[in-house]
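S.K.: Let me begin by handing over the structure; questions about it come next.
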Amino acid sequence: QLTPSSFLRIGQLSNVDLNEDIHELETELPRQRPNEIPHNEKLLSLKYESLDYDNSENQLFLEEERRINHAAFRTVEIKRWVICAMIGILTGLVACFIDIVVENLAGLKYRVVKDNIDKFTAKGGLSFSLLLWATLNASVVMVGSVIVAFIEPVAAGSGIPQIKCYLNGVKIPHVVRLKTLVIKVCGVILSVVGGLAVGKEGPMIHSGSVIAAGISQGRSTSLKRDFKIFEYFRRDTEKRDFVSAGAAAGVSAAFGAPVGGVLFSLEEGASFWNQFLTWRIFFASMISTFTLNSVLSVYHGNAWDLSSPGLINFGRFDSEKMGYTIQEIPIFIFMGVVGGILGALFNALNYWLTMFRIRYIHRPCLQVVEAMLVAAVTATVGFVMIYCSRDCQPIQGSSVAYPLQLFCADGEYNSMATAFFNTPEKSVVNLFHDPPGSYNPMTLGMFTLMYFFLACWTYGLTVSAGVFIPSLLIGAAWGRLFGISLSYLTKGSIWADPGKYALMGAAAQLGGIVRMTLSLTVIMMEATGNVTYGFPIMLVLMTAKIVGDYFVEGLYDMHIQLQSVPFLHWEAPVTSHSLTAREVMSTPVTCLRRIERVGTVVDILSDTSSNHNGFPVVESNPNTTQVAGLRGLILRSQLIVLLKHKVFVERANLNLVQRRLKLKDFRDAYPRFPPIQSIHVSQDERDCMIDLSEFMNPSPYTVPQEASLPRVFKLFRALGLRHLVVVDNRNEVVGMVTRKDLARYRLGKEGLEELSLAQT
């Protein structure tokens, strides 16, 4: 069914049908869903469209741009800055809301359970406490999972893969809607309070992006409200630039790392970049972390002390006690290797688990049941570990929020409970900063092992949750363990401070799982507030990435690939110089003439089998039969607006058209253009003619059919195109290159592979 990837057969452009047996199933059992959905990672889905990042420079656009004078351009620029400030403020406020609600709800839950455990420790019957804890967790997570599974499935997970795709130029349905934001925020609060092994940092990036997309449009399509502001920005070009600012503001609110946020947008997201954009994005990030800081300071009752720049604070690392020496650098590199291997293991396990979920757990009710199961298991594992642990530490001088005494002597607390009986963020900070000797090596080892599998099982559930904090927590636990064993081996010499190794372990584990290098180094440096560790953190992250990439790709890229998204990487595959545009392009192309019959246009748009979105416009010579030269390109969305307003040649001659169409008419229809089925065209109107000259883009990008694939790829990727017309030496259209034609070629284990296209 799939072509042998060793030799690419030329011109093989037939779409492969997803396993035929599904269709047989559907014919036999018209109502029941199949229990198993066959899923193949070597497929590209055809349900994703590209964004129109490239402006269509038709006559209307050029007339409007010529009308705008210098002062008006300055107002547009000021509006851009205002939008960026608003994005920053709102993202900061959303982060505050999440933080405060989680803190209060989680505190309430832990107090209830702690009182219950204290009561039952005295008189026996601790199984009731376990039941209470597991039931509380499962019921909270059930609510969080129901709203995601039944109302807005896009809000599941951390949302970073989806935002990566959006910034890459793929339109993922519903990803930047208001509804998604509401579900995302509620879902993440509920899943963190429900005690799952998740963080609330990843979803902040998605939330920031939704806020950015909403504000920059000056209206809400979900609420059917149009505020008549920022109308100039109603197109994909501007929207996508603002979304990258929103993603950066989300990172900086989560980690208190404005520079890290800008670098995150640069590294993970936007396809191309300019200096003004960088500066505006940095502005949005700064505003966002400042808003969060000031609101949380007021909330904690010390209004002038701006001490909490992000949702997670690693606390201060003092350089005096915790410098590093030259002989520790090989140790750090070794930790990077361990992090890379563990991260690759995490990703491989998660890959098999996600494949299983796609195949069998695709009904919403099953997804909710699975989430509740994970919540109950997490609580049970935590309880059993605390119950079996005999690791007691003295209470005085320690900063434990909910000290559980259990079977320890008076004045002591159970140190396993500080790891499990807390929100993950607090546990990370404890592992970084508790004085040497606060943890038994056995405790840390068991905790790492258990939490590794729990976090792996949790990522990909139908709840909104991030993977940042669990990875940091796993890494901090084994890093601290490593530090303890080092000081044990070196007879307690001064440089083996466990907190420092906990930080390196956390960096190694996170780098091994998500494989970000540049932005992660800066985020870790900003979150610890210490530049001393810049070099070791960079070494650790680079090693973790190199080692991890040898085995399996990063978690986010893996999930993008599992969803069959046509994602374009920075470069074309290395060995693809032998392919030319002629072999890559899609043929035959549906062309329109410059003056075309309305009926023909309606039929082409209604044809569900092709469902194209861009049509080359050719010169119409009625007397000749040969294919004519290329004159321009027109988009489906533009044709739909023309049909809706009935811009026909005959009506214009009879002066029936009230006014000329303006760009505003196209912007008002954006982003949800009506489907062709909703537009009524009568039989007489079908015989009218429609003149596309002033609406088409007269200068589309074209390539000759001999151009090599890397050249086509570079042009397509760097300009953010959606359609690239392939012409022969007489300037006649021979084919069309779209995103799917380029994303199909990928470097596999044996060399260049060609993926098949699937309709699902």
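The first residue you see is number 1, and the count goes up from there.
Glycine residues also receive a Cβ, built from the backbone N, Cα and C atoms like all the rest.
Predicted automatically and left uncurated, TrEMBL annotations should be read as such.
Checked TrEMBL, it gives:
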type	residues	note
TRANSMEM	81-102	transmembrane segment
TRANSMEM	130-151	transmembrane segment
TRANSMEM	181-199	transmembrane segment
TRANSMEM	242-265	transmembrane segment
TRANSMEM	277-299	transmembrane segment
TRANSMEM	329-353	transmembrane segment
TRANSMEM	442-461	transmembrane segment
TRANSMEM	467-489	transmembrane segment
TRANSMEM	501-525	transmembrane segment
TRANSMEM	531-552	transmembrane segment
DOMAIN	696-754	domain 'CBS'
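What does the local environment look like for each feature on the list?
M.R.: Away from its own ends, the transmembrane segment (81-102) comes close to residues 181, 185, 188-189, 192-193, 200, 204, 207-208, 211-212, 215-216, 230, 233, 242, 245-246, 249-250, 253-254, 280-281, 283-292, 295-296, 299, 311, 423 of its chain (Cβ-Cβ under 8 Å, at least six residues beyond either end).
Within its own chain, the transmembrane segment (130-151) has Cβ neighbours under 8 Å at 109, 112-113, 116, 179, 183, 186-187, 189-191, 193-196, 364-365, 367-368, 371-372, 374-376, 378-380, 382-383, 461-464, counting only residues six or more beyond its boundaries.
Counting same-chain residues at least six beyond the ends of the transmembrane segment (329-353), those with a Cβ under 8 angstroms from any Cβ of the stretch are 452, 455-457, 459-460, 471, 474-475, 478-479, 482, 486, 501, 504-505, 507-513, 515, 536, 539-548, 550-555, 558, 562.
Long-range neighbours of the transmembrane segment (467-489) within the same chain, counting only residues 6 or more positions beyond its ends whose Cβ lies under 8 Å from a Cβ of the stretch, are 158, 197-202, 254, 312, 331, 335, 338-339, 342-343, 346, 419, 424-425, 427-428, 431-432, 436, 439, 441, 444-445, 447-448, 451-452, 454-455, 458-459, 496-510, 513-514, 555.
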S.K.: Helix, strand, coil residue numbers for the domain 'CBS' (696-754) per DSSP?
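M.R.: Counting residues per DSSP class in the domain 'CBS' (696-754), I get 16 helix, 21 strand, 22 coil.
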S.K.: Six or more residues beyond either end and a Cβ under 8 Å away: which residues meet both conditions relative to the transmembrane segment (442-461)?
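M.R.: Long-range Cβ neighbours of the transmembrane segment (442-461): 145, 156-157, 196-198, 342, 346, 349-350, 353-354, 357, 367, 370-371, 374, 377-378, 381, 385, 389, 391, 415-416, 419-420, 467, 470-471, 473-474, 477-478, 480-481, 484, 555, 559.
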S.K.: Sequence-remote contacts (6 or more beyond its ends) of the transmembrane segment (277-299), Cβ cut-off under 8 Å?
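M.R.: Sequence-distant neighbours of the transmembrane segment (277-299): 80-81, 84-85, 87-89, 91-93, 95-96, 99-100, 208, 212, 241, 244-246, 248-253, 256-259, 261-262, 265-266, 270, 305-311.
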